[in-house]
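Shown next, in structure tokens, is the structure this report addresses.
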2 protein chains.
Amino acid sequence: MLSIVGLGLGDVEDITIKGFKAIKNADIVYLEIYTSFLINSDKQKLEEYYGKEIKEVDRIFIEEQNDTLLNEAKDKNVVLLIAGDPFSATTHVEIYYKAMNCGIDVNIINNASIMNSVGITGLQLYRFGETVSIPFFEENWKPFSFYDKIMQNYNNNLHTLCLLDIKVRERSVENIMKNKLIFEEPRFMSINKAIEQLLYVQSNNTTHSKIDFMVIGMARLCSKDQVIKSGKLQDLLNFDFGPPLHSLVICSPHLHHYEELFFNHYSQ
Amino acid sequence: MLSIVGLGLGDVEDITIKGFKAIKNADIVYLEIYTSFLINSDKQKLEEYYGKEIKEVDRIFIEEQNDTLLNEAKDKNVVLLIAGDPFSATTHVEIYYKAMNCGIDVNIINNASIMNSVGITGLQLYRFGETVSIPFFEENWKPFSFYDKIMQNYNNNLHTLCLLDIKVRERSVENIMKNKLIFEEPRFMSINKAIEQLLYVQSNNTTHSKIDFMVIGMARLCSKDQVIKSGKLQDLLNFDFGPPLHSLVICSPHLHHYEELFFNHYSQ
């Protein structure tokens, strides 16, 4: 059996009792480390709390070498741990599908993810439009498509949740070309960097008007030292949110009553 | 202190360890029963599992009489339990705001909700547009606004999560006029009723073309006996999904590769 277990967002105790029991019954426990991470936790803390050995796995294992995991799940209890919810990332949906098609029993244990925890900003969840990912701009690669989606939501008076880029165990183009398994330092996009990129798009994209959006920055959401700060784009450009993970919401032009009260609360 | 604790969607073991500990430390535990409910659980099962007395509270208590709860939270550990996630419903956001403004410490303990658990359909969460609520049509009240939102998402190639109406401890207009605290039987909208209403809108709304949407019906999501079934509107009109809770997704016109594989899987 394969159990795909969401860990929630904060620390070791954000796991559900059902998830905890699945780990206790597991023969093998994997921890996926490249689409997100637990804010106040790590492999060691999880191992101590669960009393189990945990194997960290990266993009290559999850996307290209998942046959190992699927073969093991045919006659063993295999648990795959994911920060947040099992279905936050497309990759896990693919593994779920492959497992079902191999006739493996799959047990999905859900948990909170950024997609619903963003409700702590006071913004109403049903008023969010399409979620966007903001990728790190490279020297020769500065895609603007996320901005079009933000504008589409904005013009429909909807909020946009922006997931900020995470680069974990990535290889440089040079090392990929040389077929070298040398990994770059992990990089997590800050709210400041995201705003900088949004302003860059506004300065270089003549099709949209420059809007000084109302935004809400969220750092380490659902952890003990979460920081939530609202303001205009320019207000938050240099605000220090501290360590990762960061996310950003672009608010709809018109806020409902309680949304406005919360926005003002978080701007102080 | 006020702890607002999400219970997740399925049964007693879907609570997080953090949430469980908050209940163990509580002086008073309330369970909100009108925006949703735990599929394989009830007050009695929760009381047995937690070893605590639980008070069920309805719309009137939560929206109009919440001063009682807020006063208690000034010097006691009060827990408010919510099926799903604390921020699924607007009401809980209001209580959170009032509590913060009274200087009460508030502890939010997140969990899975329908907003992220819908990922089990294989549809990608970031491709959902605005969430809509489909209300029970009454003889003289048949609002079409939810359909406009579905079409807006559809035209932007986005999926729509439709939350189906729940009527718990509601009073008839007659009993409200007579100021009588007599409550109607609980009603939970079925997927079939929702489709019937969608077809009604299509037949009576000349501004939109009649689209035989691809839809995915979900019953008792995340519980042991969940049912997920995909098809065209007409295919699911008479399909028996069993007892509540039901939800419905209207798919975007174009599905991604894995979305299509899952859609076909669930149509069998």
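The backbone N, Cα and C atoms fix where each Cβ goes, glycine too.
Bear in mind that TrEMBL entries carry predicted annotations, made automatically and left uncurated.
Binding of S-adenosyl-L-methionine is annotated in TrEMBL for A:D85, A:S113, A:I114, A:L164, A:L221, A:H246; the matching candidate from A:L2, A:L7, A:L9 at the same site is A:L9.
Between the candidate binding-site residues, A:L9, A:I114, A:L221, the densest Cβ environment within 10 Å is the one around A:L9.
In this entry, nothing among the binding-site residues A:I114, A:L164, A:L221, A:H246 has a C-beta under 8 A from a C-beta of chain B.
A strand conformation is recorded for A:L164 (S-adenosyl-L-methionine binding site) in the three-state DSSP classification. The highest number of surrounding Cβ atoms within 10 Å, among the binding-site residues A:S113, A:L164, A:H246, is found at A:S113. Around A:D85 (S-adenosyl-L-methionine binding site), taking its Cβ as the centre, 34 other Cβ atoms fall within 10 Å, counting all chains. A coil conformation is recorded for A:S113 (S-adenosyl-L-methionine binding site) in the three-state DSSP classification, outside any helix or strand.
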